[in-house]
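According to Swiss-Prot, the features are:
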| type | residues | note |
| --- | --- | --- |
| REGION | 1-230 | region 'Pyrophosphorylase' |
| BINDING | 9-12, K23, Q73, 78-79, G140, E155, N170, N228, R333, K351, Y366, N377 | UDP-N-acetyl-alpha-D-glucosamine binding site |
| BINDING | D103, N228 | Mg(2+) binding site |
| REGION | 231-251 | region 'Linker' |
| REGION | 252-459 | region 'N-acetyltransferase' |
| ACT_SITE | H363 | active site, proton acceptor |
| BINDING | N386, Y387, A423, R440 | acetyl-CoA binding site |
Amino acid sequence: MSNRFAVILAAGKGTRMKSKLYKVLHPVCGKPMVQHVVDQVSQLGLQKLVTVVGHGAEMVQEQLGNVSEFALQAEQLGTAHAVDQAASVLANEEGTTLVICGDTPLITAETMEALLQQHKEAGAMATVLTAYIEEPAGYGRIVRNENGHVEKIVEHKDANEKELAIKEINTGTYCFDNKALFASLSKVSNDNVQGEYYLPDVIEILKNEGHIVSAYQTEHFDETLGVNDRVALSQAEIIMKNRINRKNMVNGVTIIDPSNTYISADAIIGSDTVLHPGTIIEGNTVIGSDCEIGPHTVIRDSEIGDRTTIRQSTVHDSKLGTEVSVGPFAHIRPDSVIGDEVRVGNFVEIKKTVFGNRSKASHLSYIGDAQVGEDVNLGCGSITVNYDGKNKFKTVIGNGVFIGCNSNLVAPVTVEDGAYVAAGSTITENVPSKALSVARARQVNKEDYVDQLLNKKKS
């Protein structure tokens with residue numbers, strides 16, 4: 001197999017997005033558009049990948065890191081001009097170069113591989129990825145000769161009446177013989193309505209020089225969708241969402257209502273897990289097998305063990321063990337590690353806490369900056385008082401501890417193994433192992449007080 005290279009065009013302004021965020025960084029199913037493209041082309045066995053950047057170059061470089069080399073298009077003078085910016089990296093290379101836009105997040109490695117294979121089998125100098133659509137307005141048209149070979153590509157604004165009637169369109173993805181590509185770029189003129197250097201003109205140049213120009217027509221037009229505004233962004237989101245949901249269902253995940261379930265492109269979900277409506281799974285989340293998630297649950301960048309149930313709750317940047325029960329209406333905040341067989345009940349908030357195996361906080365509690373041992377019971381209304389207005393402090397609760405209802409543990413404080421804290425206590429000092437700590441005012445009953453008070457008011 002000959003050397004393979006790719007150029008991703010990601011320098012456009014994206015003015016139609018009407019956004020401060022650089023266009024190719026707008027997310028589709030939780031991942032920037034250009035990252036989707038890079039992830040797919042990276043499966044093609046490339047020797048070099050060059051991303052052409054312009055506006056927001058630093059942000060794109062930060063997003064992609066060292067998986068790509070970069071070329072700067074300081075002034076946007078057209079797609080041919082953009083590709084030419086990669087000349088310093090690629091111009092002297094022997095092989096085949098794929099050119100693709102960074103705002104086409106739906107393109108798949110399978111389609112690009114088919115394009116490359118067509119290019120090789122045809123012995124072509126250039127091969128165009130095309131599609132057939134009923135309403136081609138706005139797209140460049142594929143003009144073929146009497147033998148069915150690609151003659152040229154005409155941009156919509158430059159097309160005559162006959163050419164506008166053509167329904168085979170240019171998707172903006174190509175592959176070229178690398179040296180032929182860069183030799184032709186210098187011959188491209190900007191004598192057109194837009195005054196730009198169009199990459200499709202390379203097709204006509206190569207054709208006029210007697211080279212073979214081939215085309216591969218994809219049956220999956222949705223893969224070629226270019227995102228130029230928020231409407232197209234929403235269309236891409238829907239298509240990608242459906243693709244991800246279908247993949248998970250084929251792999252053994254039950255999704256009760258796919259139209260109301262959102263799964264990020266990088267999430268991994270085990271078989272026999274059930275996702276209820278309103279479930280949103282974001283980022284690099286990993287969910288085990290036989291889990292039940294939702295309804296109305298958000299999980300972001302977290303790891304969920306097998307046979308865990310999360311109902312109407314939020315989990316962010318945390319790790320949950322096996323057979324954990326969360327919710328309804330619980331909130332597990334970042335940097336929490338929840339053990340196996342744990343119960344986190346309704347209206348419980350846990351933040352930056354290690355919560356041991358088989359421990360329970362079943363209702364109305366806040367556990368923050370804490371280390372909770374195994375087999376601990378935190379009664380309703382248990383609070384770790386971790387913040388003094390300036391600093392956060394840690395609470396340590398040992399194994400087998402029982403915390404009574406409506407208790408405050410004022411950090412820094414330690415409750416040692418096997419200790420009990422009486423309901424209603426405010427603990428400000430360490431509690432020894434197996435001790436009972438009572439820290440509340442003694443109850444005083446005043447006999448006949450109410451009658452005396454009422455009689456006094458009457459008089």
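Glycine is treated like the rest: Cβ placed from N, Cα and C.
Of the candidate binding-site residues, D103, G140, N170, the one lying closest to R440 (acetyl-CoA binding site) when CA atoms are compared is D103.
A gap of 10 Å separates the Cα atoms of A11 (UDP-N-acetyl-alpha-D-glucosamine binding site) and D103 (Mg(2+) binding site). A sphere of 10 angstroms centred on the C-beta of R333 (UDP-N-acetyl-alpha-D-glucosamine binding site) encloses 16 other C-beta atoms.
It is 49 Å from the Cα atom of L9 (UDP-N-acetyl-alpha-D-glucosamine binding site) to that of Y387 (acetyl-CoA binding site). Close to Y387 (acetyl-CoA binding site) in the fold, though at least 6 residues off in sequence, lie G368, F393, each with a CB less than 8 Å from its CB.
Looking at G78, G140, the binding-site residues in this record, the fewest other C-beta atoms within 10 angstroms of the C-beta turn up around G78. Under DSSP, K23 (UDP-N-acetyl-alpha-D-glucosamine binding site) is assigned to a helix (H, G or I) in the three-state scheme.
Take the CB of H363 (active site, proton acceptor) and look out to 10 A: across all protein chains shown you find 17 other CB atoms. The Cβ neighbour count for K23 (UDP-N-acetyl-alpha-D-glucosamine binding site), using a 10 Å radius over every protein chain in view, is 26. For the region 'Linker' (231-251), the DSSP-based tally of helix, strand and coil residues reads 20 helix, 0 strand, 1 coil.
Taking the Cβ of N386 (acetyl-CoA binding site) as centre and 10 Å as the limit, one finds 23 other Cβ atoms among all the protein chains shown.
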